[in-house]
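Report on the following structure.
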Amino acid sequence: GTSRRIPQTIIIGVRKGGTRALLEMLDIHPNIVVAATEVHFFDWDENYVKGIDWYRSLMPFSYGNQITIEKTPGYFTSPQAPERIHDMNSSIKLLLILRDPTERVISDYTQVYYNRVESHKPVQLFEDIVIKNGALNTKYKAIQRSLYDVHMEKWLKHFSLDQIHIVDGNTLIKDPLPELQKVERFLNLPSRIMSSNFYFNQTKGFYCIRSDGRERCLHESKGRPHPLVNNTVLEQLYSYFREHNAKFYRMVNHSFDWH
């Protein structure tokens, strides 16, 4: 009685916003099944040309009463993804998890930094990438990815605001349950995720998951310590994002506790 089905919900981003944590936590719900890997169907042309049947073949088997969810953080910043997803299913529900844009930039840098260290490639200090000739390097990809208003504008050309639920990534990490209950309501699912599904891991410094008699934490690549960033540079980032954040708040009719 199961089949592979095209997702009814997609976590569209944002990179380093908490997409993996959100997916793993939603996987607790009996009415949700999740794709194992990031598919990159709508943002990578070489995958998109393989067609919808190829995409479906990468989805898990599900029952008729279950929602299939995939997550690819690259979708949010992709110019093509909104239209392509709309062409597949114009009434789809989308989940977008965001965090303070400056924190996201530093987290983005941290991931690349560790990847380069592990691959024995040269690394640069955060300040040396973010500041060029004494000014903020706004062309830096990590900064571009944090311009939430610029990317959201593209999504709102194809989807109504009530099809996009924004999860507060900063809150999800500190207190997961209220954010997950909002997602349950958005997806019209019965309330099944409970506080007993989470426990705080002192060593890792974030919540881990307890379900079906098993305990699991996010991969060790998550929650890595960020570099200490020069206060002047931090202030430049806060200042740069302030106007973009204000515009984003107006777009989505909601304010966040960001710098």
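Every residue number used here counts from 1 along the chain in the order it is shown.
Cβ atoms are placed via backbone N, Cα and C, with glycine included.
If you check TrEMBL, you get these features:
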- LYS16: active site, for sulfotransferase activity (ACT_SITE)
- LYS16, GLY17, GLY18, THR19, ARG20, ARG99, SER107, TYR207, LYS222, GLY223, ARG224, PRO225, HIS226: 3'-phosphoadenylyl sulfate binding site (BINDING)
- CYS208-CYS217: disulfide bond (DISULFID)
- 7-245: domain 'Sulfotransferase' (DOMAIN)
Express the distance between the Cα positions of GLY18 (3'-phosphoadenylyl sulfate binding site) and CYS208 (disulfide bond) as a whole number of Å.
13
Give me the CA-CA distance between CYS217 (disulfide bond) and LYS16 (active site, for sulfotransferase activity), in Å, as a whole number.
17
Under 8 Å Cβ to Cβ from LYS16 (active site, for sulfotransferase activity), same chain, six or more residues apart: give me those in sequence order, or none if nothing qualifies.
PRO73, ARG99, ARG104, SER107, ASP108, GLN111
What are the non-local neighbours of ARG224 (3'-phosphoadenylyl sulfate binding site), defined as same-chain residues 6+ apart in sequence with CB under 8 A from its CB?
THR110, GLN111, TYR114
Fewest other Cβ atoms within 10 Å: which of the binding-site residues ARG20, HIS226 wins that one? Let me know.
HIS226
Who sits close to CYS208 (disulfide bond): which same-chain residues at least 6 apart have their Cβ under 8 Å from its Cβ?
PHE198, TYR199, PHE200, ASN201, GLU215, ARG216, CYS217, LEU218
Given the model, what does the mean pLDDT over the domain 'Sulfotransferase' (7-245) come out as?
95
Determine the most Cβ-crowded residue among the recorded positions GLY18, SER107, CYS217, using a 10 Å radius around each Cβ and all protein chains in the structure.
GLY18
